[in-house]
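Chemist: Feature list, courtesy of Swiss-Prot:
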DOMAIN    10-64  domain 'L27 1'
DOMAIN    65-122  domain 'L27 2'
DOMAIN    139-220  domain 'PDZ'
DOMAIN    228-298  domain 'SH3'
DOMAIN    368-560  domain 'Guanylate kinase-like'
MOD_RES   S409  phosphoserine
REGION    289-383  region 'Phospho-regulated basic and hydrophobic (PRBH) motif'
Amino acid sequence: MPALATGSACDMGLYELLAALPAQLQPHVDSQEDLTFLWDVFGEKSLHSLVKIHEKLHCYEKQNPLPILHGAAALADDLTEELQNKLPNSEIRELLKLLSKPNVKALLSVHDTVAQKSYDPVLPPVPDDIDDEEDSVKIIRLVKNSEPLGATIKKDEQTGAITVARIMRGGAADRSGLIHVGDELREVNGIPVEDKRPEEIIKILSQSKGAITFKIIPSTKEETPSKEGKIFIKALFDYDPKEDKAIPCKEAGLSFRKGDILQIMSQDDVTWWQAKHEGDANPRAGLIPSKHFQERRLALRRPEIVVQPLKLSNTKSSGFRRSFRLSRKNKKINKSMYECKKSEQYDTADVPTYEEVTPYRRQIHDKYRLIVLVGPVGVGLNELKRKLLMSDAQHYGVIVPHTTRARRSQESDGVEYIFISKHLFETDVQINKFIEYGEYKNNYYGTSIDSVRSVLAKNKVCLLDVQPHTVKHLRTLEFKPYVIFIKPPSIERLRETRKNAKIISSRDDQGTAKPFTEEDFQEMIKSAQIMESQYGHLFDKIIINDDLTVAFNELKTTFDKLETDTHWVPVSWLHS
């Protein structure tokens with residue numbers, strides 16, 4: 001029999017190709033995690049051993065050592081019988097002795113087996129009474145690094161079987177395409193799991209490094225391929241899976257903060273969606289509560305929560321005349337503003353969970369987005385607006401409020417106020433022309449929708465400050481508002497920075513400016529906390545007005561980016 005060839009020629013080929021592949025693929029791999037996965041796969045010792053065997057067999061195959069005959073053992077038997085009929089001599093006796101040795105007989109038998117290619121195992125015949133529906137078993141071997149497997153398991157309460165509950169998108173199990181929801185788990189690395197709890201199996205998986213071998217019974221249920229496009233949502237609440245008692249696997253949960261943009265990877269489960277942070281290079285998804293499930297949980301908790309309303313001051317509202325801070329006591333807020341049906345398709349003020357969003361970038365021909373400023377009395381909204389107008393009066397504009405009071409001698413119609421009759425004001429209220437309105441000393445004051453449109457029509461950025469409960473009615477396709485919450489600093493900083501400042505006190509009948517009091521500071525902090533707690537999910541940005549110049553510069557930078565950069569907006573604004 002010809003010997004196996006040796007030399008460098010047989011050490012080339014597939015083995016060296018596998019060794020060089022990771023370096024060759026590096027420029028084409030998107031993430032470091034994928035590259036690490038490739039290094040782990042191609043660096044497996046068992047894979048290298050198989051490749052070496054393949055190379056040796058390949059070199060042997062090239063020599064094409066065809067057998068001279070396929071029955072060497074039978075030929076030896078015939079020769080022995082023939083020689084026994086001959087007159088014996090020393091050579092015949094030596095040959096008969098050699099052919100009778102067990103080692104020689106075994107060698108000839110192996111030769112015939114290889115020559116006849118009859119070395120494949122012979123399977124036993126299929127029993128006649130076999131059950132056609134008997135479960136088939138599949139052996140799966142996955143190679144993973146330190147990342148989680150990316151699958152959750154559960155125990156069937158009726159059968160006691162351990163099954164795959166879900167496959168996390170982008171995880172090792174998902175990328176392999178070998179494990180599916182509903183598969184029954186029988187063994188992990190040779191360890192039977194029929195009598196184990198899911199927690200014990202998870203511990204086995206977490207302790208396994210490198211390759212993991214599964215013995216499973218495939219699910220008979222066919223999976224429907226997901227046809228979902230890219231869906232992005234804005235989180236309207238904070239979430240920490242470690243504090244969620246309902247989540248099936250805390251390690252598989254995805255934490256997020258209010259305002260984060262998430263990409264939905266799967267909505268197959270009505271209770272738990274799979275998502276990842278937008279822009280995250282990590283392909284693995286995590287579990288988050290679905291919109292329906294979160295709304296239901298919040299609705300069930302609502303009777304136990306005491307929501308503290310914004311404290312209403314008396315009819316002598318501070319800063320009322322110039323900033324249109326309507327009387328908190330007698331103020332009536334328009335509940336059905338123009339186009340509010342569109343904005344209420346997603347009523348975030350009731351149960352804030354998620355809002356579907358899409359990227360938006362203002363085009364040159366588009367009107368500017370409405371800038372809505374929200375903040376407690378005394379925080380500095382008017383001063384910030386004044387500085388913005390002074391910085392560029394041609395670019396920024398403010399609305400002129402309507403009133404039914406008599407015009408004073410030093411006032412001009414359309415400058416300080418738009419003066420209209422009480423009958424016309426009430427008519428406009430009935431046809432939903434006011435964003436918000438109220439009554440002060442038997443006179444009506446209000447901010448009309450037409451005033452906002454008038455500023456935007458002049459190709460200016462409209463600066464509008466309103467009460468926070470009005471914001472949701474402004475969130476329409478027409479205005480595309482960008483809401484900024486001006487937040488006060490700590491009360492210690494207020495005492496330091498506002499000790500010489502003045503406020504129009506609500507306790508002064510004349511509405512004259514007086515120095516801040518300790519009560520004013522406390523009221524400002526308390527109002528800001530309530531605003532952020534109840535309406536924070538509607539705010540696009542929060543700016544702390546600790547130093548007026550710093551706050552103004554941050555505000556100005558925000559506006560500049562708003563006009564040029566891409567931002568996330570409700571999908572209804574672009575697809576209405």
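Glycine residues also receive a Cβ, built from the backbone N, Cα and C atoms like all the rest.
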Chemist: Three states by DSSP: which one describes S409 (phosphoserine)?
Modeler: coil
Chemist: How does the model score the domain 'SH3' (228-298) in terms of mean pLDDT?
Modeler: 91
Chemist: Helix, strand, coil: count each for the residues of the domain 'SH3' (228-298), based on DSSP.
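Modeler: The domain 'SH3' (228-298) comes out at 14 helix, 24 strand, 33 coil.
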